[in-house]
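Taken from Swiss-Prot, the feature ATP binding site applies to 152, 153, 154, 155, 156, 157, 158, 159.
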């Protein structure tokens, strides 16, 4: 392979000139070989712009780069370690260990750019994945091998919800998981690592981090690195869980480099290739006949606007959407899941059964009626309502509070022990409220408890 030389540097985007007969292909990895600062830096080819020049994105800081530095073409795309040796380790976008525990010791490396499984190879299942979180299991149940989005603005609990899901599923489900931290806070990555360690599930999780302080190249590719590791577990015939926090930062990293790559911005300043970039990632997150990938993705919603192009593009790919609401968080109800806005393809009587379906729809009907009555209550007060509506409001307020739940990962700051509620218990509790079996209990008893039996116990102490 002939070497090339850097001819232009604009932030994270670098132009490199190669001999005309040895131009690297798009997505090839190239490496700075000149001695000094910047040596060993890996770049990924994005465009061939003619005259032997290729435009690349750096997979690290471009500090210390200068024109004229020599660059070697590896002749292949970025390769990362896969397999059981990655479990319990923290790696960066290139699959290099960053946890100071020595080399990964992998037997195999895979390219991060891979084709999605063909239509014939794909399979879907209607098995439910129990999470132990009441509101999710009831209103927007997850499918095994499905895709779930956690939508929410800043500070409504996406990461805490995700950590609780990982903890519950890792302990109860005991499969392998891959966690990709895409452009999130390093502190959260650190908290997560220690949380997994304390729960004794670290040896079942591979962690890949490209956090907020990293250049856009890392944040753009780290989701693919994590996905490649998950695909390896799937192709070995396992059921693997793939967590991404946060998919919005993946889009944002693409936006940051898009203009530097010479593309015209589209709606709201996003890259024109937004739908394609999202599709390339999401189409690979799928289940095949050999194994399944169940993915949970946190999606930041800019300014709480669900019609923003980034969350709107993500919606199309998901089987279940868990929408976190600032209004519900303001009431002090956590998890702040909006039961009227959250959806799931699994909420179908043919999949979840008639009992579950009718309970979930009954809960939504009562909450929707309460929402409609709120304006009347605000203007005229409760006394103007009919007896039937008064009963609906009382039950709705109990349901709202019963949808809250203490989390294991939040024990430190709530002071109450976490609760895992089996689906049967969840359905039994909400059915009881809808039938009026608990009309005599005060609504405070329903707040921050697990099963309905705890409500009865709590009401005796009030």
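Backbone N, Cα and C define each Cβ position, glycine as well.
Because the structure is a prediction, the values reported are computed rather than measured.
Positions of the features from Swiss-Prot, shown on the structure.
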{"residue": "152", "record": "ATP binding site", "Cβ within 10 Å": "27"}
{"residue": "153", "record": "ATP binding site", "Cβ within 10 Å": "17"}
{"residue": "154", "record": "ATP binding site", "Cβ within 10 Å": "11"}
{"residue": "155", "record": "ATP binding site", "Cβ within 10 Å": "10"}
{"residue": "156", "record": "ATP binding site", "Cβ within 10 Å": "25"}
{"residue": "157", "record": "ATP binding site", "Cβ within 10 Å": "21"}
{"residue": "158", "record": "ATP binding site", "Cβ within 10 Å": "26"}
{"residue": "159", "record": "ATP binding site", "Cβ within 10 Å": "20"}
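In the three-state DSSP scheme, residue 158 (ATP binding site) falls into the helix class. Classification of residue 152 (ATP binding site) by DSSP places it within a strand. Apart from the site residues 152, 153, 154, 155, 156, 157, 158, 159, the chain places the Cβ of 300, 324, 329 no farther than 8 Å from the centroid of the site's Cβ atoms, the recorded ATP location.
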